[in-house]
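Novice: Before we start, here is the structure in question, set down as structure tokens.
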Number of protein chains: 2
Amino acid sequence: MLRLDSADAGFAAAFETLVNARREADADVSRDVSAILARVRAEGDAALADYTRRFDGHDLETTGWSVSATECRAALDGLSRDLRDALELAATRIVAYHEKQRPVDSDSVDGAGVRLGARWNAVDAAGLYVPGGRAAYPSSLLMNVIPAKVAGVQRIAMVTPTPGGEINPLVLAAAQIAGIEEVWRVGGAQAIAGLAYGTQRIRPVDVIVGPGNAWVAEAKRQLYGVVGIDMVAGPSEIVVVADGRNDPDWIAADLLSQAEHDPTSQSILFTDDARFADAVADAVERQLAELSTRETATTSWNANGAIILVPTLDVAMPLVDALAPEHLELAVDDPDTLFAAVRHAGSVFMGRMTPEAVGDYVAGPNHVLPTGRRARFSSGLSVLDFMKRTSFLQLDNGALHAIGPAAVALATAEGLPAHAASVARRLVNHHGKED
Amino acid sequence: MLRLDSADAGFAAAFETLVNARREADADVSRDVSAILARVRAEGDAALADYTRRFDGHDLETTGWSVSATECRAALDGLSRDLRDALELAATRIVAYHEKQRPVDSDSVDGAGVRLGARWNAVDAAGLYVPGGRAAYPSSLLMNVIPAKVAGVQRIAMVTPTPGGEINPLVLAAAQIAGIEEVWRVGGAQAIAGLAYGTQRIRPVDVIVGPGNAWVAEAKRQLYGVVGIDMVAGPSEIVVVADGRNDPDWIAADLLSQAEHDPTSQSILFTDDARFADAVADAVERQLAELSTRETATTSWNANGAIILVPTLDVAMPLVDALAPEHLELAVDDPDTLFAAVRHAGSVFMGRMTPEAVGDYVAGPNHVLPTGRRARFSSGLSVLDFMKRTSFLQLDNGALHAIGPAAVALATAEGLPAHAASVARRLVNHHGKED
């Protein structure tokens, strides 16, 4: 864990190093992924079956290519009442938040008589990747699918690796709650290729979302343009801005909730209270000792954690903007004043009673957020990621006479005579001349 | 040019071939581009200067690295009155249309006492690529920059190759009208790398937009995630749906306005009138003979043009959706009925007096649109491409007690104890117990 003090001479350089540190694994998977994509494109299901035998250790002809609705229903029925209620509360709240993201169409006529508008439609089909093993989170499934459902996407195809044929019942239960009717037992880059290109069994989709390992992420990156994708995702991160009036144990838990995700995760605390900084550092060590995820969390905290002392919290805000964190907690009495200074953050958790984890599950906003400083230019997953806008235009004779001559002038200047003619012929004829 | 009749036996197969035809050059530029990006990242300006000497044939130390405000002003002052008025009309109308795209922030408290909201901010800096030579269109410059300006982007850095040091004065005039204050004389993949990574002279940007050749497009694709990009762009296309009551010359001009862009452009006509189909085919040939862009337009029309006969125009609409065209003209008396059946199109031009070219220049909607069937999942360039959304959340003690227990249950089920603890510690303490 790194300790910095913004009053120290070397602070600017040390902070810049922190901002630019690349935590993403530089696995050279690009060539492997290209080969997998090309083979799935050429061979379809045969390639999927072969890769699944090799990487997941089961035969799709034996285990079945897809998971039935009966299995999903059984998984949901097998949940404890508490867990089922929790998933349903989460789903209900996520739906409510995302319904407000539905865009509004427009259609109006301006002063020149030009009718102008835009109409939004959902994509026809979305693909959802759900990782197998440790990172198979039902909460992520809900966060990825619900915006698509709210957008009005008619078909959602889920893919997930089932190593040895095994699948996490919590994930199936969440799929059932989310209303997913198509679940394929394939994973990795090959599953992404299957969704993008289509195979004999799997019809192609238009957008692919969902977290995955380096191979899955690279496959999505390479297929961006063939399909839409949610984002290029990297390791998770949290920045906490806290004064000395917080419970150090609460803040330590918040930092560790990020650290336990992955060894590459990052947790950073800004505070204006040196004694509080020490108290949080101590609390982190105490809590780490008791945590079942301590191996991951300790690696992450030691390698990527930081506590940064600032003279006043408003001094921290430009530094936070430079980090453009995925998650930002403002643990103070008046978070709005600090929030007003934030331009770049995925999601902000305001006040002392808003631990980031509550947003991971049940608050409503999406937990699929830009990482690795990408909040400078991108947003969390939303209904808009599953929709697209068609602009439209309608002119009558008067409107074309009002603005058409300018189009003719510009087309001519750009050396595009057919562009000019397509407007000019309509202008001429309506003046009563024939061309 | 391809002639199809939907009544023919082989139609379905022939149409599917048309839909899946790949017109994009499969230039294997990926490795070259990777090398250029890596070198610019490592060497900065020295690499830009070297590539500019090799590819553009001039020495940046002699010609100057950037174009001055004085040069841009002089270019604008040198325009004819007509052309200047046309550019200014275009800019005014594009601003007016895009101002309606500004997103609205939200901030409310729900029934559980949870404060939920979203706040939009512009990116700090946008980079704009403007091609040199034939495709240096002032209209494209306006279409790319104005949404950024409307979004509130504070810094816009334009890059453009100036082969032999020469630059198109129309482009500089448009830059002046658009208020661009930073114009670099670098082009190609190296310019994209300079914008994304930053160099000694050029500060990095957050989003890069603008059309370019295969190297530029590949550089943007490879840097997607380091920066935001507008889209993966391919050859331009138009689909015209027209009944027999149109002037064949008008429709022929509309088809050619796409064909003259590039040999890989595509123009397709759907009509329910066989005689009209013949008349348009004849008109295309007649107009081609007179067109100064006939070489390009003829190649495009012969290789990629199509006229498709359908029994009624509503039969054409699912076929149009399968093509998901960049531009769609509905040249009928009642275009709204046909438009209601369209789900996938970049921009729609309604009625007989709305040639697509009017939208290229002065109507207001953006002419940067998804090509190559990408209207299935993506939209034209908009203000949103230069903004990002920060979601936020605030709970008090009551709200955390209302929804926190569900978060604890889900975190525990997912095997993330620090997530659970960060919520549970706040619940426990506020019940009066100390942990």
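Each residue, glycine too, has its Cβ placed from N, Cα and C.
In case it's useful when we look at the structure, here is the feature table from TrEMBL:
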| type | residues | note |
| --- | --- | --- |
| ACT_SITE | B:E326 | active site, proton acceptor |
| ACT_SITE | B:H327 | active site, proton acceptor |
| BINDING | B:Y129, B:Q190, B:N213 | NAD(+) binding site |
| BINDING | B:S236, B:Q258, B:H261, B:H327, B:D360, B:E414, B:H419 | substrate binding site |
| BINDING | B:Q258, B:H261, B:D360, B:H419 | Zn(2+) binding site |
Novice: I'm trying to understand the geometry here, so how far is the Cα atom of B:S236 (substrate binding site) from the Cα atom of B:N213 (NAD(+) binding site), in Å to the nearest whole number?
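Specialist: Here the two Cα atoms lie 13 Å apart.
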Novice: Go through the recorded positions B:E326, B:E414, B:H419 for me and flag any whose C-beta is under 8 angstroms from a C-beta on chain A.
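Specialist: Correct list, in sequence order: B:E414, B:H419.
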Novice: Around B:N213 (NAD(+) binding site), how many other CB atoms lie within 10 A of its CB?
Specialist: 19
Novice: Taking the centroid of the Cβ atoms of B:Y129, B:Q190, B:N213 as the NAD(+) site, which other residues of that chain lie with their Cβ within 8 Å of it, listed in sequence order?
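Specialist: Neighbours within 8 Å of the Cβ centroid, excluding B:Y129, B:Q190, B:N213: B:P131, B:V159, B:P161, B:G187, B:G188, B:A189, B:A191, B:I192, B:G212, B:W215, B:V216, B:A219.
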Novice: I'm trying to understand the geometry here, so how far is the Cα atom of B:D360 (substrate binding site) from the Cα atom of B:Y129 (NAD(+) binding site), in Å to the nearest whole number?
Specialist: 18
Novice: Can you name the residues of this chain that are 6 or more positions from B:H419 (substrate binding site) yet have a C-beta less than 8 Å from its C-beta?
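Specialist: The list for B:H419 (substrate binding site) reads B:A407, B:A411, given in order along the sequence.
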Novice: When the Cα-Cα distance from B:Y129 (NAD(+) binding site) is computed for each of the recorded positions B:Q258, B:H261, B:E326, B:H327, B:E414, which gives the smallest value?
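Specialist: Nearest by Cα distance to B:Y129 (NAD(+) binding site): B:H261.
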Novice: Which secondary structure state does DSSP assign to B:D360 (substrate binding site), in the simple three-class scheme?
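Specialist: Helix, per DSSP.
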Novice: To the nearest Å, how far is the Cα of B:Q190 (NAD(+) binding site) from the Cα of B:H327 (active site, proton acceptor)?
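Specialist: Per the Cα atoms, B:Q190 (NAD(+) binding site) and B:H327 (active site, proton acceptor) stand 31 Å apart.
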Novice: Check the Cα-Cα distances from B:E414 (substrate binding site) to the recorded positions B:N213, B:E326, B:H327 and tell me which is shortest.
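Specialist: With Cα distances computed to B:E414 (substrate binding site), the winner among B:N213, B:E326, B:H327 is B:E326.
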Novice: Have a look at the binding-site residues B:N213, B:Q258, B:H261 and say which one has the shortest Cα distance to B:E326 (active site, proton acceptor).
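Specialist: Closest by Cα distance to B:E326 (active site, proton acceptor) among the binding-site residues B:N213, B:Q258, B:H261: B:Q258.
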